[in-house]
Amino acid sequence: MGLTGPVKVVLGSIAFGIFWVLAVFPAVPFLPIGRTAGSLLGAMLMVIFQVISPDEAYEAIDLPILGLLFGTMVVSVFLERADMFKHLGKLLSWKSRGGKDLLFRICLISAIASALFTNDTCCVVLTEFILKIARQNNLPPQPFLLALASSANIGSAATPIGNPQNLVIAVQSGISFERFLWGILPAMIVGILMNVAILLIYFWKLLSIEKDEEVASTTGDVVVEDDVNLHRFSPATMSHITSMGSQEFGLAVDPGRTVSHRSRASSMDIDIQTPWSGGIESMRPSNASREVVEGAGISVSRDEVVTSRSVVRGTSNPRSSPIGDASVRSADEEGSIKRWKRLWWKTCVYLVTVGMLIALLSGLNMSWSAITAALALVVLDFKDASPCLEKVSYSLLIFFCGMFITVDGFNKTGIPSALWDFVEPHSRIDSAGGVALLSLVILVLSNVASNVPTGKYSSALSHKDFW
């Protein structure tokens, strides 16, 4: 494809240059509008400058890529709700011995997780667990965070759903999921091992400051427990239960807390059904008893507490005990039912995800396989899907739409084809020098022009004769 008219070449280059600057530097001082708005601005300029027509702009948007990206993001949201990443976080500290072992585990687990659940989700979720584990074991977090970032990027290269640029390459080139996986997997394994070795050599002294001891087995439980309290319960609903549980525990264990508990309770009337009178007495602790307790600095003995409890439980009212027992049984049954429903729902989420991976490996349409899995999870959830759908990164989808239009308009100027015609004779993959040059060009472009646009350009290589 030759160059078009000089006016279109200049205007198309200006539009693409604006897109590139905002994609690489989203907070540029003279136009801090961000990547998403920058991609839309580049697309709009391509149409306004008449580099491409409006119809061509709509045709440039690759719906299969957007569908696959949307489906994988929805599945990742449900996997996070099903505690998949909490289990991965617990696996990081299970019977781990010291910082070096933990570093190796982070590299391995983050690589596998990013290949199956996208690298963005893996990094966002696992960062919280890594920081907690490092803090609980008095370890520096920097080596482990670098291990997570580097291994997630290396591992995500193994599958088309690992990162957005892989989606572009796989869909536009027509490479199947299975062929993509087996073609990249050996390089991914070698890359992970080299990454582990480099990180261990670089941080060996820092990780050797602490003696290599087995990480406490309770570390994983603490991480999960903290997360449960953080995400499932609000302070407003749990404060009363927590305070009551702590006070009751203090009655039997901590004498000092018992004094303060009784001093607070002394200001309230206590109605007790006594077995010998059959009536209700309103008992108010006297000032003398309060002075004895507070002056002595000790609590009521355990026998008195047990006796008072036995008096309350020994009520002669035939109506109160059955009702109380029934309410307790009803609460236990409801809690058991909720636990079983939760377990069944999580199992369904995992089964649907495995089914999606099997469909992808079987060569079925990747976009519709991901969308089908996402909608299956929405239906199984059996509630309003708005909270889950709100977590989808729609800004990323819009960025892709603008990028497709901008890149297609830049291709129509003929500049990319002219540059590639110059490089192609020296970058054929039938020679070691050609592979090295091609790898160097892609490496430089992915860091200078961003990896997603570079992936879109690289996907066109599958249609060249040298493949």
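Using the three backbone atoms N, Cα and C, a Cβ is placed for every residue, glycine included.
As given in TrEMBL:
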type: TRANSMEM; residues: 7-27; note: transmembrane segment
type: DOMAIN; residues: 27-454; note: domain 'Citrate transporter-like'
type: TRANSMEM; residues: 33-51; note: transmembrane segment
type: TRANSMEM; residues: 63-82; note: transmembrane segment
type: TRANSMEM; residues: 102-131; note: transmembrane segment
type: TRANSMEM; residues: 181-204; note: transmembrane segment
type: REGION; residues: 309-328; note: region 'Disordered'
type: TRANSMEM; residues: 348-380; note: transmembrane segment
type: TRANSMEM; residues: 392-410; note: transmembrane segment
type: TRANSMEM; residues: 431-449; note: transmembrane segment
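Confidence for the domain 'Citrate transporter-like' (27-454), expressed as mean pLDDT, is 76.
The transmembrane segment (392-410) is in contact with the transmembrane segment (63-82), judged by 3+ CB-CB distances under 8 Å for residue pairs 6 or more apart in sequence. Under the criterion of 3 or more C-beta pairs below 8 Å, with sequence separation of 6 or more, the transmembrane segment (348-380) and the transmembrane segment (33-51) do not qualify as touching, having fewer than 3 such pairs. The transmembrane segment (63-82) shares the most Cβ pairs under 8 Å with 102-131, out of the stretches 7-27, 33-51, 102-131.
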